[in-house]
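Undergrad: So TrEMBL lists these for the protein:
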type	residues	note
DOMAIN	40-289	domain 'Nucleoside phosphorylase'
BINDING	Arg80, Arg124, Ile125, Gly126, Thr127	phosphate binding site
BINDING	Gln203, Arg205	substrate binding site
Amino acid sequence: RENFIHLCNPHLEKMKEDILYHFALGTGTHDFPALFGDVKFVCVGGSPSRMKAFIAYIAEELGLGSPGGDYPNICAGTDRYAMYKVGPVLSVSHGMGIPSISIMLHELIKLLHHAKCSNITIIRIGTSGGIGLEPGSVVITRQSVDATFKPQFEQVVLGKTVIRSTNLDEQLAKELLQCSKEINQFNTVIGNTMCTLDFYEGQGRLDGAICLYNEEEKLRYLKEAYDSGIRNIEMESSVFAAMCNLSSVKAAVVCVTLLNRLEGDQISSPHDVLVEYQQRPQKLVGYFIKKSLGKV
């Protein structure tokens, strides 16, 4: 059965043209079904360079690209986001924080709808701070929670607070965990992910420009988070889960932990170690895509 993107906006049907401004794409200037109609997997991450590296990696894994081949940025007309494609895989950067990924997702979801894509899986691959995990561990998100540990995304719309669910696809999370067991290269867990509005105070760090709490208070908060099932902290998963839910898109969040926040606040691992850590979500998701396409 084909599952198409569900658009929660009746106004779009009345528009003669839809300009995806932050992608520098539009239905009046681009043939979306021709460009994107075969997409089945969308991987999103913060950094443009990381998403370009991912498309090169997945092209090699799927045998769809030439070694050292270049992949043009589909969104070259803007410097907001970068987008790359090979075969059925789309790789898109989303910047840092809820506002940036929210803007990207509005236009990405419309793009997939205009392209008449079906049976889409969207996976956020990224980095995070771990809680009670060894650095380099990979967390597959069960549900995204806010900084008060509630599984919800809160947004003000027309002056009124709207609360949306942040559950993620349970079966997809289990499939990804099984893939990690088959790879057997790094520790992977399923756990809750705390999504914050800030990297410093919002995550209980002691090293920001402003900090009006002490280390004991910080550790108490992080231990409460751990006891509630939270295993990592980042800044995009809540709106990602909420928007994918509303659009009836199967979604997952796969993030590597760069440090254990119970042991410190600053990321101090050597650059080459961090680079290898950042490749772990790519390896896991790449293996999942290969397996889904029957290429394992």
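Residue positions begin at 1 at the first shown residue.
Quick reminder: no glycine exception, Cβ is built from N, Cα and C everywhere.
Could you place these features in context, so I can see how deep they sit and what lies close by?
TA: Taking a C-beta cut-off of under 8 angstroms and a sequence separation of 6 or more, Arg205 (substrate binding site) has the following same-chain neighbours: Phe199, Cys211, Lys218, Asp265.
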Undergrad: Using Cβ-Cβ distances, find the residues under 8 Å from Thr127 (phosphate binding site) that belong to the same chain and are at least 6 apart in sequence, listing them in sequence order.
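TA: Gly46, Glu234, Cys255, Val256, Thr257, Leu258, Tyr277, Gln278 - these are the non-local Cβ neighbours of Thr127 (phosphate binding site), listed in sequence order.
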Undergrad: Rounded to an integer, what is the Cα-Cα distance in Å between Gly126 (phosphate binding site) and Gln203 (substrate binding site)?
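TA: The Cα atom of Gly126 (phosphate binding site) is 17 Å away from the Cα atom of Gln203 (substrate binding site).
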Undergrad: Note down the number of other Cβ atoms within 10 Å of the Cβ of Gln203 (substrate binding site), including every protein chain shown.
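TA: Summing over all protein chains shown, Gln203 (substrate binding site) has 23 other Cβ atoms within 10 Å.
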